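Visitor: Once you've had a glance at the structure underneath, I'll fire off some questions.
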Amino acid sequence: MVGVTSISSPAISADERSHEVDHPSSLVAHFGADQPLPLDCGIDLTPFQIAYQTYGELNADRSNAILICHALTGDQHVANVHPVTGKPGWWETLVGAGRPLDPSQYFIICANVIGGCMGSTGPASINPATGKVWGLDFPVITIPDMVRAQAMLIDRLGIDTLFAVVGGSMGGMQVLQWTAAYPERVYSALAIACSTRHSAQNIAFHELGRQAVMADPDWHNGGYADRGIHPHRGLAVARMAAHITYLSDAALHRKFGRRMQDRDLPTFSFDADFQVESYLRYQGSSFVERFDANSYLYLTRAMDYFDIAGDHGGVLAKAFAGIKTRFCVVSFTSDWLFPTSESRALVHALNASSARVSFAEIETDRGHDAFLLDVPEFFDIARAFLESAGKARGLNGRGG
């Protein structure tokens, strides 16, 4: 069982330690008016807080820290029982004793992103200026904003250089942003099932989900919290539509085919006759119990805005010019949300910038979500990459 472990650091005050119970099972770092978060939209967010989890212990020279960046609907509960759902952590396949990210060797950190809804400041938080829930008054945030906030947390923890930054999907975008914005602070980077910019198709899928949320009569232009209601129907539809993109035709056929749900014949109604219908309805209904609808709008928009070459004249290689970080880029053959062609474009740009990079395309029919599932080849690649990076840094055997 992986435990949640805090660290002793003079940068974290006793008063802040007293606030660790602000959110179930999470540590919370508070940043006051003297430490505003500058956002890309031109607004300084202050005050704000970041909810996070840690696993393992930071070694004496603070060289074994790994930051995990979560995906769109993830959170900081990587390898512990989720306080809302009661389910195992979302990446227990990768994080744990004997696994590629082993807390006995590494100090592992995962923070709920700014704009999220599991303890970090977001649209579901209280606006200190009004005493009410932010709602749509919350400023629009970007992937660089998320990473900027994470860097402030890493500073607070007294860590100069991260041994590795790891993430898939939206988490992979954060990994790339970390290496572009703070290249001297990232020794190695594992970017999984992601892209350097969101495609037109993916923006379209996100707009579909946002429109489903906003069409729900209970949304009230984002002001549902003040009315004590939630746009669960719209958010459930958004989740159902998005979840399809995380799968593959082959996986859906293998798992469900055209099999009926608890019946032999069609009902000639609009009930969930097919197993795949029942599965999607479950995905939608379970999601709304743990996620905020406005956060969904904000985080999908942040992904849409992501274009790491945008500040470099559209030349991707310039974003990584002179970088010393070791990269491992991973894609999956059946991922049509972030296809391998996008990972190859990233690898070509890294090669053009003379970065040290390895690339793996893994054969699987499990779609985009393969990085969250039991795919042994992926685990082997992640383990080998981290062990190689650890050996190069003289880290192996010195964790904890």
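Glycine is treated like the rest: Cβ placed from N, Cα and C.
Quick paste from Swiss-Prot:
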type	residues	note
ACT_SITE	SER169	active site, nucleophile
ACT_SITE	ASP335	active site
ACT_SITE	HIS368	active site
BINDING	ARG239, ASP369	substrate binding site
DOMAIN	64-373	domain 'AB hydrolase-1'
Visitor: At the level of the C-alpha atoms, what whole-angstrom distance separates ASP335 (active site) and ASP369 (substrate binding site)?
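Guide: About 8 Å separate the Cα atoms of these two residues.
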Visitor: For the domain 'AB hydrolase-1' (64-373), report the average pLDDT of the model, please.
Guide: 97
Visitor: So if I measure Cβ to Cβ from ASP369 (substrate binding site) and keep only same-chain residues at least 6 apart in sequence, which ones fall under 8 Å?
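Guide: Result: TYR246, LEU247.
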Visitor: If you measure SER169 (active site, nucleophile) to HIS368 (active site) at Cα, how many Å is it?
Guide: 8
Visitor: Including all protein chains displayed, how many Cβ atoms other than that of ASP335 (active site) lie within 10 Å of its Cβ?
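Guide: So the number of other Cβ atoms within 10 Å of ASP335 (active site) is 29.
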Visitor: Quick check for the class: what is the C-alpha distance, in angstrom and rounded, between HIS368 (active site) and ARG239 (substrate binding site)?
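Guide: Spelling it out, the Cα of HIS368 (active site) and the Cα of ARG239 (substrate binding site) are 15 Å apart.
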Visitor: Near ARG239 (substrate binding site), which residues of its chain come within a Cβ-Cβ distance under 8 Å, counting only those 6 or more away in sequence?
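Guide: Correct list: THR73, GLY209, GLN283, GLY284, PHE287, VAL288, PHE291.
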Visitor: Under a three-state reduction of DSSP output, how is SER169 (active site, nucleophile) classified: helix, strand, or coil?
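Guide: Note: SER169 (active site, nucleophile) is coil by DSSP, not helix or strand.
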